[in-house]
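Here is what TrEMBL says about this protein:
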{"type": "DOMAIN", "residues": "1-80", "note": "domain 'Apple'"}
{"type": "DOMAIN", "residues": "84-163", "note": "domain 'Kringle'"}
{"type": "DOMAIN", "residues": "174-252", "note": "domain 'Kringle'"}
{"type": "DISULFID", "residues": "C175-C252", "note": "disulfide bond"}
{"type": "DISULFID", "residues": "C196-C235", "note": "disulfide bond"}
{"type": "DISULFID", "residues": "C224-C247", "note": "disulfide bond"}
{"type": "DOMAIN", "residues": "264-342", "note": "domain 'Kringle'"}
{"type": "DISULFID", "residues": "C265-C342", "note": "disulfide bond"}
{"type": "DISULFID", "residues": "C286-C325", "note": "disulfide bond"}
{"type": "DISULFID", "residues": "C314-C337", "note": "disulfide bond"}
{"type": "DOMAIN", "residues": "364-442", "note": "domain 'Kringle'"}
{"type": "DISULFID", "residues": "C365-C442", "note": "disulfide bond"}
{"type": "DISULFID", "residues": "C386-C425", "note": "disulfide bond"}
{"type": "DISULFID", "residues": "C414-C437", "note": "disulfide bond"}
Amino acid sequence: GDILDDYLRTDGVWILTQNKQFYKTNNENECAEKCEAERNFTCRAFLFTRKKLQCLTLAENAKMTVMFASTDTVLYEKRIYLTECKRGIGTDYRGTEAKTQRGIPCQKWAEKIPHKPNYTPEKYPNAGLEENYCRNPDEDESGPWCYTTDPAMRFDYCAIPECEDQVTHTGEGECMQCNGEDYHGEVSRTESGLECQHWDAQEPHMHGFTQKNYPEKDLKMNYCRNPDGELRPWCFTTSPNKRWEYCNIPRCSTRPPVSGLDSQCLSGKGEDYRGRIAITESGNACQHWNTQLPHKHGWIPDRYPCKDLEENYCRNPDGEKKPWCYTTTSSVRWEYCTIPSCDRTEQGIAGMNNVPAQAPLPEECYRGKGQSYRGTTSVTASGKKCQAWNSMFPHRHIKTPDKFPDADLRDNYCRNPDGDSSPWCFTTDPNTLWEHCNLKRCDDHTQE
């Protein structure tokens, strides 16, 4: 198989690391070969930068250090070092459990106190005897073990859970169509073997993806789901070191049924719009979805097979207020499109959702510091698109709907939950954490 099959890929991130080596390579496969051949340290991951064709082999992975957004960079982590469960007797277990089944901390493999070890990193260089992590260098039938720090107990076994081969069949619900938005199966471990956190829990990770906020997304138990239009189903993990991870759900072998959702006009938010309008409401031509110029983006047609990201037609793949597109003007990243309404009376009932942001509505200005602002503007002063308040990508934060229940942190609308000088939002630009919004202060004489 492909050498990259042994790695977990994450686009657009960088990790801080002490031990690294730089190489010049032509592609990710060559970089993976450098990682496999690395002799300066144990290579757990590598970073590849497409623009510079630069390869960095790393001793740490995202479980062990800080991760942050970085465009044009791809992180590949060796799956074996992310897996926290064992297969068989666990000779290939490379997780970070470092205490015995009785809770006694493990002795480091390289140390001789309190016990003089028979198994050392020098004698068994391929057994992964790092730090004081549980390992099985002697192929013990009872699984991974370690020397203990208790002088009265030389060694003990570790409580490493079995990796569940969760998807044993592809019956109804156990495979996914499209990007798994409608997946309702019961897989509850991530692709590296971590157990999923329950959606109604806020430990170890605080978040806004609750049954109350998303009643239609089937956020039951700790099952993998895709409530936010990600590439495929995911979950928050029960590991404090890994906020979330994708789940390994197989694609259904049958084609998705034709839904008939191919509207040529605007109804609701226009997520089913399949018309051919390719110009924004201010007259800018749309950029083709399968190009990265002038704007780099992640809405690549092959990755989202059911979003119909065809040519440069206006679409709404992410649940925005209405269809939009990236523009061919380098100074304007994206804009909404003007799509004729299917039914004007229906439009009236639909209310504020489809009103253009620049319409002269009383709500589209703010009073005082704007803490009472409840409009639908979702663009910053410099034209950047706002990140949804319940999303943690590209920026992690604690300004979630659950933590600020009275601040109306809906969708990605500009708000002021923390008493700033005016409404603001986190941005979808990985290099800009937040900005104030493109809103004016209401005229003091405007009637309340």
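For all residues, glycine too, the Cβ spot is worked out from N, Cα and C.
Recorded residues C342 (disulfide bond) and C314 (disulfide bond) have their alpha carbons 16 Å apart, per Cα-Cα distance. Looking only at the disulfide-bonded residues C247, C337, C442, the one with its C-alpha closest to C425 (disulfide bond) is C442. Neighbour counts of Cβ atoms within 10 Å were compared for the disulfide-bonded residues C196, C437, and the top value is held by C437. Secondary structure of the domain 'Kringle' (174-252) per DSSP (helix as H, G, I; strand as E, B; remaining residues coil): 0 helix, 13 strand, 66 coil. The separation of C325 (disulfide bond) from C337 (disulfide bond), Cα to Cα, is 7 Å. Taking the C-alpha positions, the distance from C175 (disulfide bond) to C247 (disulfide bond) comes to 11 Å.
The disulfide-bonded residues shown are C196, C224, C286, C437, C442; of these, the one with its CA atom nearest the CA of C314 (disulfide bond) is C286.
With respect to C386 (disulfide bond), the closest of these disulfide-bonded residues in Cα terms is C437, chosen from C196, C247, C325, C365, C437.
Across the domain 'Kringle' (84-163), DSSP classifies residues as 0 helix, 13 strand, 67 coil. On its own chain, C325 (disulfide bond) has A278, T280, C286, Q287, W289, N312, Y313, C314, R315, W334, E335, C337 as residues at least 6 apart in sequence with a Cβ closer than 8 Å to its own Cβ.
A 10 Å radius around the C-alpha of C235 (disulfide bond) takes in none of the disulfide-bonded residues listed as C265, C437, C442. 174-252 is the stretch from 1-80, 174-252, 364-442 with the greatest number of Cβ pairs below 8 Å to the domain 'Kringle' (264-342). For C224 (disulfide bond), applying a Cβ distance below 8 Å and a minimum sequence separation of six or more within one chain yields Y183, G185, V187, S188, T190, C196, P233, W234, C235, C247, I249.
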